[in-house]
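To keep things clear, I will list the structure first and then write my remarks on it.
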Amino acid sequence: MLINERLVLLNSKAKNREELIRELALLAYKDGKISDIEDYIKAVLKREAEYSTAVGFGVAIPHGKSDSVIDPFLAFAKSEDIDWDAPDQNPVDIVFLIGVPEKDAGSLHLKILANLSRKLMKEDFRNSLRNIKTSAELLDFLNKSELGF
Amino acid sequence: MKILAVTACPTGIAHTYMAAEALEEAAKKRGYDIKVETRGSVGVENELTDAEIREADAIILACDTAVPMERFEGKKLLNVSVSEAIKNADELIDRSLNANIYKPNVKNQENISSSEPNKKEPTGIYKHLMNGVSYMIPFVVAGGIAIAISFLFGYDSASNEGSLAAYLMGIGGGTGAFGLMIPVLAGYIAYSIADRPGLAPGMIGGMVATQINAGFLGGLVAGFLAGYIVLAIKKYIKLPKNLQGIMPVLIIPVLGSLSTGLLLFYVIGTPVAAINNGMNNFLMSMSGTNAIILGAILGLMMAVDMGGPINKAAYAFGTATLTAAVGTGSEIMAAVMAAGMAPPLGIALATILFKNKFTKAEIEAGKACWVLGASFITEGAIPFAAADPIRVIPSLMVGSAITGALSMAFKATLAVPHGGIFVFFAVENLVGYIISIVVGTVVTALLLGVFKKNIAELAAQSK
């Protein structure tokens, strides 16, 4: 499983993008997905610096490939509006944080992340995410979405 | 309307696919056909075929990394960033239909460049050959020069373990640059045919060609074999969509390499070994015949496949006569070395005399050929022979045959197995020897001038 209920944050109060990335990375760290949290965050922020991972429609998918990632993971947060330097200028309130081991390019979980990226372009999918109330509901929804995990 | 697109982003994790989805949705809304090639970290998926490109009304490139472009020559092409496709997919669809026609930038095509500005891109087999050759040239030059420098310390000082000469040989020789030469040739021929998935099967095929002593001609076979096998795999093996991710990482590399490699071992390997054996026996039976004819035959053999089974038989025959003639030099060894020096030297001369018959990269490589030829590194001629075998190899053979025959006629002898001008101290009748090499060099160069076509003509013809 890429995601579990310990990797879900439904009411983040983070004020900016780094704070939110840190909150989610901490969840992943506590869940044993990352060995060195600072190293991982550095990889994610470096990626953000290239260009924003906000994709518009209030969604961002920060991600980093790093040796500190033990297991590939997906963490989810719903937050208050955060400025994420989005291409459409909209603030972000839905965030998927993705962690992939550096040496692990080309395997199945990347395929899943590709599927997730495609789904995020659909309005229905985003609306459903915004209406989700509990982590169980989220996991159930993601399972039903045929992302392949 | 039929629209094609390519999406690619630096990490290849998310935006590649989001852009693909956005473009697909946008096209669907208008009722247009669309296919999107995604170049993410799972490899190339949904690759566009030549037929699809031919039929397409427009191409959208939403890429933040470099992608193969030549295939889009002559199509309407819109080039934007990934984020723009995610943001404005609708608008891009419309803009692409009014986009400018894509013309490859001639400056970026170093490997097939010429002095004429409006030259058309060569296509087909010639293009694939040139791609392989252009990637191989640096390996030949770097390896050849490293070996030549090693000879400066004495023709056999590379056998002193731990010496600089040995290290130079390690860098340049068969376990270094020269070992990579054939795999790179084969790999980039396959790359040219089948794109990135062709590279691994091609290089592995090239390595197998080296193992079975098939020389650079074997490498050419390996490259084309691998390229077309990968194309066939992509065309005929269809996996369900959720498994498509394993095509580039598992199916193509494994199946492509195994089929290329096994075909080489089973189909090519047997005749190659038979040729080598046959040639060895043939040369043995020649002992005692007219020395000048033998010299000419050895010359033909040295130049025909440069490192392949025939060349190896001739060289082995030469070194065997050395062992037989302990202490004194061997006429046959002398003829073999002279005949092996003439091809690169002849090419070097030809690149000066007939500049319009060689690409820029070849003219540059021609300069290195002086050093390689002088050092009896026949491999210097391989890129030229590989690029245009039908015209180049016969020219080299005739030149080398004349050199071999003359060397025998002058009764020049050589007491060591290699080294080129660095071992001229071990040559008896050096004046006659040098004359043989010079005459063969000039003949080779003139024949190349007669046979080789002008580069521009060749490119136009292969259209």
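Residue numbering: from 1, along the chain as shown.
Every residue gets a Cβ built from N, Cα and C, even glycine.
The domain 'PTS EIIB type-2' annotation in TrEMBL covers B:1-98.
The domain 'PTS EIIC type-2' feature in TrEMBL is assigned to B:125-461.
The feature transmembrane segment is assigned by TrEMBL to B:135-155 (among others).
Annotation comment: TrEMBL describes B:167-191 (among others) as transmembrane segment.
Per TrEMBL, transmembrane segment is recorded for B:212-233 (among others). Remote same-chain partners of the transmembrane segment (B:212-233), defined as residues 6 or more beyond its termini with a Cβ less than 8 Å from a stretch Cβ, comprise 125, 128-129, 132, 181-183, 185-194, 197-198, 201-202, 204-206, 251-252, 255-257, 259-260, 263-265, 268-269, 272-273, 276, 305-309, 311-312, 382, 385-386, 389.
Here TrEMBL flags B:245-269 (among others) as transmembrane segment. For the transmembrane segment (B:245-269), same-chain residues at least 6 beyond its ends with a Cβ under 8 Å from one of its own Cβ atoms are 42-45, 196-198, 200-202, 204-205, 208-209, 212, 214, 218, 221-222, 225-226, 229-230, 233-234, 237, 239.
Within its own chain, the transmembrane segment (B:281-304) is flanked in space by residues 310-311, 313-315, 317-318, 331-332, 335-336, 339-340, 342-343, 378, 381, 393, 396-397, 399-409, 440, which lie at least six positions past its ends and keep a Cβ under 8 Å from the stretch. Here TrEMBL flags B:281-304 (among others) as transmembrane segment.
As annotated by TrEMBL, transmembrane segment applies to B:332-354 (among others).
Among residues of the same chain six or more beyond the transmembrane segment (B:392-410), those with a C-beta under 8 A of the stretch's C-beta atoms are 291-300, 302-306, 331-332, 334-336, 338-343, 346-347, 381, 384-385, 429, 432-433, 435-437, 439-441, 443-445, 447-448, 450-452. Taken from TrEMBL, the feature transmembrane segment applies to B:392-410 (among others).
Away from its own ends, the transmembrane segment (B:430-451) comes close to residues 299, 334, 338-339, 341-343, 345-347, 349-350, 353-354, 357, 373, 391-392, 394-396, 398-404, 406-407, 409-412, 424 of its chain (Cβ-Cβ under 8 Å, at least six residues beyond either end). Positions annotated as transmembrane segment by TrEMBL: B:430-451 (among others).
Note on the domain 'PTS EIIB type-2' (B:1-98): DSSP counts are 41 helix, 29 strand, 28 coil. Residues 128-129, 131-136, 139-140, 142-147, 149-150, 158, 198-207, 209-210, 215-216, 218-220, 222-224, 226-227, 230, 379, 382, 386 of the same chain sit 6 or more residues outside the transmembrane segment (B:167-191) yet have a Cβ under 8 Å from a Cβ within it.
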